[in-house]
């Protein structure tokens, strides 16, 4: 529980402090939403019944909120984020309950769907908010914010094995598989960093300023991709080399996906993903779901016959999680973007001073 708390509070919160004028809000608001989400999650499940187990599940559940917040970072007011937190926690717990009771998905596996749910809920939620000005200087970062974000990425890297294993029955298998996948992702991220720069230097963050938009590539996020992917499939991983291959594929897909999404998909759909949660959590989560199915097919040696039905249940849970996240995220964003909730104007995006007393 302590490891997960450190990971979520120190890791995820400071991970989102890359915007040069939105540091107070990134840390302060997210702390508030996490503690609010933990309480909502516990009350929804069952107040004070198996409290210590629920405390661990509750803080893992609120990871979905932190991930979703990354998509709309700097573009919403606190009231909108509070309501988003409550709605998302309720819907995620309902989705998880269906996966557990109807589809008979183990609790430790269904909880790892938090990455998929948070990413696609956040993306569709953010689609209802205006894009920032392409020439806005506030939608940028500084060398110090890069360094802080990289430091907190290392924090996430260290504690990710605890995150994946907190509810696992075979904790050692989850821990070792996650560590091997993260190690390979880190190596792959360094290699790609060198290969994609003209001067052959390592680069944590690369900016490309275009006439139409800012395109931001966070190299530091690529080292976390293996941890997200393995979280779905660790129970079927029997050998270290499988985890290492998944870590390699996760990092490669994240690197290639970041470029493709930023250049092609996001402009076409008019999406502005502030923190890049789609390629940081969404794509590795999809890869993890597919890897889970493939490993189950290999393990059961069949697709349709018993115990092959287990594979179908996992496929159903995978699509159910994404579908519920997309639909509820879109509807929630549509409602919370009404004039009643006073959405900040585009000129006030990415500004701490709009909500905080800033003395410098």
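From the backbone N, Cα and C atoms, a Cβ is placed for every residue, glycine too.
Curation plays no part in TrEMBL annotations; they are all automatic predictions.
Values in this document were obtained by computation on a predicted structure and should not be read as measured data.
Here TrEMBL flags 6-24 (among others) as transmembrane segment.
TrEMBL lists 6-339 with the feature domain 'Ammonium transporter AmtB-like'.
Residues or ranges marked as transmembrane segment in TrEMBL: 31-52 (among others).
TrEMBL lists 147-163 (among others) with the feature transmembrane segment.
The transmembrane segment annotation in TrEMBL covers 175-196 (among others). For the transmembrane segment (175-196), the residues of the chain that approach it from at least six positions outside its boundaries are 157, 160-162, 164-165, 202-204, 206, 219-220, 222-227, 229-231, 234, 237, 240, 242-248, 250-252, 255, judged by C-beta separation under 8 angstroms.
Sequence annotations record features per position, and here TrEMBL assigns transmembrane segment to 217-235 (among others).
Positions annotated as transmembrane segment by TrEMBL: 241-258 (among others).
Residues annotated as transmembrane segment in TrEMBL: 279-298 (among others).
Outside the transmembrane segment (310-338), and at least 6 residues removed from its termini, the chain residues within Cβ reach (under 8 Å) are 68, 76, 80, 83-84, 87-88, 91, 94-95, 98-99, 103-105, 109-110, 113, 116-129, 289, 292-293, 296-297, 300, 303-304. Residues or ranges marked as transmembrane segment by TrEMBL: 310-338 (among others).
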Under 8 Å Cβ-Cβ from the transmembrane segment (241-258), and at least six residues away from its ends along the same chain, one finds 176-178, 180-185, 188-189, 192, 196, 217-218, 221-223, 225-226, 228-230, 233-234, 276, 278-280, 283-284, 287-288, 291, 295
